[in-house]
Structure formats: C-alpha cells, structure tokens
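Undergrad: Pasting a structure here, questions to come.
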Amino acid sequence: MAFYIHPYVKTAVATVTWFPVLFTVFDHVYLPCQVSGFSMSPTFNPGTETTAQDVVIIRKYGLKSPSALERGDVVMFRSPEDPERLVTKRVVGVQGDVILPRSEYPKKQALIPRNHLWVEGDNAFHSIDSNKFGPISQGLVIGKVTGIIWPLLRIGTDITKGGRDAMLREIKSI
C-alpha cells in the first residue's frame, strides 16, 4: 500500500533539511550584516539619511592567524566597551606597529601588542574607535567585511579605499 504525501509536506521537509546547512554557513563561513551609523562614511552609509543602512557580507573563516588581517581591511568586531554591540572599523595597525593616535588617546604613540589591532572609522569626527579604547584583541573580531550586498546600486563598491592612509595620500597629492 502506497502512502500519499501532500506536496506541502514535501516542500516543508526539503526546506527544513537546508536549515543545518544554512546555519553552518552563517555560523562559520559567511554572514550578512547591517552596518548602521556614520563612523565608516563614505565607505558605508554615504548618504545623509539616518535610515539608510548598507548590508555587507562578512567572511568569518581563516581569521585565526595573527597575519590574517592587514592594514586597510575592514572588520566587524565586538565592541570592547559593550560586547553585545557589533562595530565595523578599518584596520590601521597590526601587531608590532607603532601608531600615532589622534588626540583622544592618552599616549603620544601606541605600540600594538601581539594578537591586537588598531582600528579606526573612516569618518574620524564621528567614530568611537581605538583612539578612545586602545588596541583591540583579534579575538573580538567576528569577521572581515568583503563587500556590500545591499543596496543593489552599491554592490561592487571598492571598500579598500578609505581611512587614514587614503586621507594622507589625498593631502599629499594636493
């Protein structure tokens, strides 16, 4: 005797079987995340609307090595001040670098310790970053931002150009 299975049940079972795959991908490989605020403007959220938020794709794998992240990479990490909050900033210094912080940081120079990063927002006047809380542990990093996936008009935007180095190059060329 053959059993009849309703098409909706087949669809539901097929959908549910994909949940572990999606969970694994989002938990260990790639994750879409929303970037809010103006600290990374104009790289992210370049408009003046407070409701405009870019959605980016975060690469989570391959970041365990201290050399996995380089100057200029954009990372998403847990805020050292509030671990529930995710923050997006650009890597300005890696372990062993000596950084000249902006005036907020209490030291004239900062030596980046082993397994730490110096991160800054591209919009210096609207960013709470390493100039306030110092170098961050690489253990706080959730992943590396690899690109913008929303809004559609911003897909393919070059996110590698920006930050302190870009401003210095621009000033030198004037």
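Glycine residues also receive a Cβ, built from the backbone N, Cα and C atoms like all the rest.
Straight out of TrEMBL:
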- Ser39: active site (ACT_SITE)
- Lys89: active site (ACT_SITE)
- 11-99: domain 'Peptidase S26' (DOMAIN)
- 108-150: domain 'Peptidase S26' (DOMAIN)
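Neighbours and distances for these, please.
TA: Around the Cβ of Ser39 (active site), 23 further Cβ atoms fall within 10 Å across all displayed protein chains.
All chains included, 26 other C-beta atoms sit within 10 angstroms of the C-beta of Lys89 (active site).
Outside the domain 'Peptidase S26' (108-150) by six or more residues, the chain places 30-32, 37-44, 54-60, 63, 66, 68-69, 73-81, 83, 86, 88-102, 156-157, 159, 162-164, 166 with a CB less than 8 A from a CB of the stretch.
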